[in-house]
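So the structure is just underneath, and the comments pick up after that.
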Amino acid sequence: MSKVTHQPKIGFVSLGCPKNLVDSERILTELRTEGYDVVPSYDDADMVIVNTCGFIDSAVQESLEAIGEALNENGKVIVTGCLGAKEDQIREVHPKVLEITGPHSYEQVLEHVHHYVPKPKHNPFLSLVPEQGVKLTPRHYAYLKISEGCNHRCTFCIIPSMRGDLVSRPIGDVLSEAKRLVDAGVKEILVISQDTSAYGVDVKHRTGFYNGEPVKTSMVSLCEQLSKLGIWTRLHYVYPYPHVDDVIPLMAEGKILPYLDIPLQHASPRILKLMKRPGSVDRQLARIKQWREICPELTLRSTFIVGFPGETEEDFQMLLDFLKEARLDRVGCFKYSPVEGADANALPDQVPEEVKEERWNRFMQLQQQISAERLQEKVGKEILVIIDEVDDEGAIGRSMADAPEIDGAVYLNGESNVKPGDIVRVKVEHADEYDLWGSRV
């Protein structure tokens, strides 16, 4: 145990997805509540916590490099997060790490911090933590994590082995957190989990309570309640269950944003079966058509994998044909990468790297054309934009169709009479394949 005579300082490195970011926020909130200072440099810190990602091999490598940098620069390091579930792999590369915990092991992380850097004596009234906790996002938007883990066993994914099966947060707790965020000035809530549409499945959608009123633990009920807060609500990681159809009318009514992040992964029934994903492409196309009829303003985001083991040119062509017909607004594409522990590693007919690269390029070229055409349809129209930043050149914001960091932006050149978090009406004047330009109305 170190002898710390000053106000103890903790360095923090957060890697990976928004779900990991929320875990980091929770740990930082507890540390600040206990009187620890959180510092931005290794030099000033008595210890460094690295919250890791282990989803794909490149993320594992990034996490191991971050741990190594923290050890070199500081020497005292605690590791947590998804890669922490693979302690042997970390110890093999970095045996000097003090402690290692898996994901969502908040209490263990704090216990380890207390052991090496004892809790300070502090006046809680002099180190007040905001009621909404420490946030790593800008003040006007926040991620709202509604569950942990996943019940699916997709062959390319190891999340269940690291984060376990689905565990839904009580709906009263989720809604109370959302209310605290709104009271603190948040204008946009991004609902996240490993599987947002499965919310409540593990508790058989039991009835919970919020403000003394009964509320069903389900995605649809959650959306209905969040709509009463008067902010933008955006849904991410929505597995395409049949009941997803039930949230589309809420979007059409303006209760939640007309935005659906629904990872489809592929469009060949054979490849989807190998992935252990839903395989009826025709049914999915029919649903997309129906959703757009109900909510014409709907923005659809999805992710796909090319070069999955066994993928033939015919399978890939099915994927391109799907893109042409579905005309999705926002699309991410990944070249299949083996992940240690994933069932897909054992599948035959691995696709050569040069073929993956060639297919990825063809995929992106087609989707960029589709995205550009979709955005071109907005030129001349008026849209609502939430402002993210303002500088000497103007303002940058996002439309209802744009999630932070992963989607496009709306540029308001020369606009300075706004501030982050403002929601303004903008006339779109120009578009490319990702972004829009316009002027405030």
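Cβ coordinates come from backbone N, Cα and C, glycine included.
All protein chains shown were included, and the count of other CB atoms within 10 Å of the CB of Cys53 ([4Fe-4S] cluster 1 binding site) stands at 22. Mapped onto three states, the DSSP output places Cys53 ([4Fe-4S] cluster 1 binding site) in coil. Here Swiss-Prot flags Cys17, Cys53, Cys82 as [4Fe-4S] cluster 1 binding site, drawing on sequence analysis.
All protein chains included, Cys154 ([4Fe-4S] cluster 2 binding site) registers 20 other Cβ atoms within 10 Å of its own Cβ. Swiss-Prot lists Cys150, Cys154, Cys157 with the feature [4Fe-4S] cluster 2 binding site, giving sequence analysis as the kind of evidence.
Swiss-Prot lists 8-118 with the feature domain 'MTTase N-terminal', giving sequence analysis as the kind of evidence.
What Swiss-Prot records for 136-373 is domain 'Radical SAM core', and it gives sequence analysis as the kind of evidence.
What Swiss-Prot records for 376-441 is domain 'TRAM'. DSSP places the residues of the domain 'TRAM' (376-441) in helix, strand and coil in these numbers: 1 helix, 34 strand, 31 coil.
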In all the protein chains shown, the tally of other Cβ atoms within 10 Å of the Cβ of Cys150 ([4Fe-4S] cluster 2 binding site) is 22
From the DSSP assignment alone, can you count helix, strand and coil residues within the domain 'MTTase N-terminal' (8-118)? 55 helix, 22 strand, 34 coil
Relative to the mean position of the Cβ atoms of Cys17, Cys53, Cys82, the recorded [4Fe-4S] cluster 1 site, which additional same-chain residues have Cβ within 8 Å? Leu15, Gly16, Lys19, Asn20, Thr52, Gly54, Phe55, Ala59, Gly81, Leu83, Pro103
Between Cys53 ([4Fe-4S] cluster 1 binding site) and Cys154 ([4Fe-4S] cluster 2 binding site), the C-alpha gap once rounded to whole angstrom: 18
Minimal Cβ count within 10 Å, across the binding-site residues Cys17, Cys82, Cys157, points to Cys17
